[in-house]
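Engineer: Quick one: the structure is below, and I'll ask about it shortly.
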Amino acid sequence: MDFLRNLFSQTLSLGSQKERLLDELTLEGVARYMQSERCRRVICLVGAGISTSAGIPDFRSPSTGLYDNLEKYHLPYPEAIFEISYFKKHPEPFFALAKELYPGQFKPTICHYFMRLLKDKGLLLRCYTQNIDTLERIAGLEQEDLVEAHGTFYTSHCVSASCRHEYPLSWMKEKIFSEVTPKCEDCQSLVKPDIVFFGESLPARFFSCMQSDFLKVDLLLVMGTSLQVQPFASLISKAPLSTPRLLINKEKAGQSDPFLGMIMGLGGGMDFDSKKAYRDVAWLGECDQGCLALAELLGWKKELEDLVRREHASIDAQSGAGVPNPSTSASPKKSPPPAKDEARTTEREKPQ
């Protein structure tokens, strides 16, 4: 009954003009909103586009995207490299690719450090990331700040359901760079980084955090994602209708038919251009440049540039001294099987 009442109410309001939530639908309008008392909790939704300036390819860009450059692995089709059934039979292509993309070879970008500033200023409610490169962690976001929707290289587990032995980042790194297929020390089954493959469950944390976070968000900041992968893409519709949404991306994303989206329970998508637009802003270009532009409007530009410079210098110093990340040296341990309420990935879901 509540669904029907809500559906009827939304249907009647489709043609009504909502009051704008920003004084203008521009980056400047978003900046002024962020400086007001109304903006206290920001959720970031991020994808591969925030890491490309670090040298990590995205998945879909023509010629330079990951899926256009997998010929050397002789896969039956590009997506097979992230299919759990193919991985269990032929793990070598994935681990060869993992060596090229392994965390620790790249530095966080301006986008990552902009989110760090949001955290330091007490504005970051949560970062939901599709990325598996752990750059958010390297930039200073902590476990509590993150929802790694498509998993992470940070930990790995034995694929045997009866074992599930856990291994730290340092253990997996040694195996990958030695070009040794990682095998469990207990049962000799394959060990896989905790990234979400086709046919695997999303982390339960994705759903538990989503249910509470989006009830209290004041601003949704979407960066570097095509918003094509479900259920991550549906997160933009979880924000209340009274919450502004800013997209920083090379092209517009997340737009959909409002009536169809409402019927399917996935909201109306982004509306940047219609006469009824009232809360959505798109800044088109490189994500780093978008964050710099926003930081300048907020009066944070020098602080952001200094943070990037200081943190990159620290990473370089640690690399030169061979200092390991202390958070990657934990001992292997057992983990319980995944929770039963974790949802399965769809065919379109893939690490991004």
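Using the three backbone atoms N, Cα and C, a Cβ is placed for every residue, glycine included.
As annotated by Swiss-Prot, active site, proton acceptor applies to H150. The NAD(+) binding site feature in Swiss-Prot is assigned to 48-52, 58-60, 130-133, 225-226, 249-251, C287. Per Swiss-Prot, the feature Zn(2+) binding site maps to C158, C163, C184, C187; the stated evidence is sequence analysis. The feature domain 'Deacetylase sirtuin-type' is assigned by Swiss-Prot to 20-301. The phosphoserine feature in Swiss-Prot is assigned to S16, S63, S170, S331, S335; the stated evidence is similarity to another entry.
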Engineer: Please identify, from the recorded positions S51, N131, S170, T225, the residue with the sparsest Cβ neighbourhood, meaning fewest other Cβ atoms within 10 angstroms.
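Structural biologist: Comparing Cβ neighbours within 10 Å for the recorded positions S51, N131, S170, T225, S170 has the fewest.
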Engineer: Would you list the other residues of this chain near Zn(2+) - those whose C-beta lies within 8 angstroms of the C-beta centroid of C158, C163, C184, C187 - in sequence order?
Structural biologist: V159, S160, S162, R164, H165, E185, D186, Q188, S189, V191
Engineer: Using a 10 Å radius around each Cβ and all protein chains in view, which of these recorded positions has the most neighbours: H150, K250?
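Structural biologist: Max Cβ neighbours within 10 Å, all protein chains included: H150.
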Engineer: Where among the binding-site residues C163, C184, C187 do you find the Cβ with the fewest other Cβ atoms within 10 Å?
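Structural biologist: Counting other Cβ atoms within 10 Å of each of the binding-site residues C163, C184, C187, the minimum falls on C187.
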Engineer: Along the domain 'Deacetylase sirtuin-type' (20-301), what average pLDDT does this model show?
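Structural biologist: Mean pLDDT across the domain 'Deacetylase sirtuin-type' (20-301) comes out at 90.
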Engineer: Cα distance, C158 (Zn(2+) binding site) to N131 (NAD(+) binding site), nearest Å?
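Structural biologist: So the Cα of C158 (Zn(2+) binding site) lies 22 Å away from that of N131 (NAD(+) binding site).
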Engineer: Please report the Cα separation of C187 (Zn(2+) binding site) and S170 (phosphoserine) in Å, rounded to an integer.
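Structural biologist: Per the Cα atoms, C187 (Zn(2+) binding site) and S170 (phosphoserine) stand 20 Å apart.
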Engineer: By CA-CA distance, flag whichever of H150, C158, C163 among the recorded positions is nearest to T225 (NAD(+) binding site).
Structural biologist: H150
Engineer: Among the recorded positions listed here (C158, C163, S170), which has the Cα closest to the Cα of S51 (NAD(+) binding site)?
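Structural biologist: Nearest listed residue in space: S170.
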Engineer: Using only C-alpha positions, which one of C158, S170, C184, K250 is spatially nearest H150 (active site, proton acceptor)? These are the recorded positions in the record.
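Structural biologist: Its closest listed neighbour, by Cα, is C158.
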Engineer: Just the number: how many Å between the Cα atoms of C158 (Zn(2+) binding site) and S170 (phosphoserine)?
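Structural biologist: Cα to Cα, C158 (Zn(2+) binding site) and S170 (phosphoserine) are separated by 15 Å.
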Engineer: Under a three-state reduction of DSSP output, how is T225 (NAD(+) binding site) classified: helix, strand, or coil?
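Structural biologist: T225 (NAD(+) binding site) sits in coil per DSSP, no helix or strand.
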Engineer: Which one is it, among the recorded positions A48, S170, K250, that lies nearest to C184 (Zn(2+) binding site) by Cα separation?
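Structural biologist: It is S170, whose Cα lies nearest.
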Engineer: Roughly how many Å separate the Cα of S170 (phosphoserine) from that of K250 (NAD(+) binding site), to the nearest whole number?
Structural biologist: 35
